[in-house]
Amino acid sequence: MLRIFIPTSNGKISRRRYIFSFILINFIFAFLIIFFNDGEAGFLVIVSTIVLHYLVINMNCQRLRDSGFIYIKTYVFGTLAVYIISIITMIAEDFACSGNGSMIFLICYFSTFSMLMLAPTDSSKQ
């Protein structure tokens, strides 16, 4: 479980561990963000959000590698581009939760999770 914190060029994660880790990390960081937000610790909310997305991107890269995907940098840069576009759109919409920026981010976030949850394991490298 701890290897999801360390980016590697050859780390892989199985489907079952990916689903469990994704759900667990999202719940833990959701509670942390809510707790820090209620205590008005804005810096800790930002740090928790950055660590959450770092872990999710790292887990997704490991799951992509387990599925046989070899262009990991394409995924990372594409995800960062979606994050930046979402943030710019949210700023333009005055951070409205029902705006397009939030929807772009959520669609990307959960469609990636769904795709990787259903992705087969690469059988050619077993």
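From the backbone N, Cα and C atoms, a Cβ is placed for every residue, glycine too.
Owing to the predicted nature of the structure, the values given are computational and were not obtained by experimental measurement.
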Confirm whether, per Swiss-Prot, R65 lies on the same side of the membrane as S14.
yes
DSSP tally for the topological domain 'Cytoplasmic' (62-67), helix/strand/coil in that order, comes to 5 helix, 0 strand, 1 coil
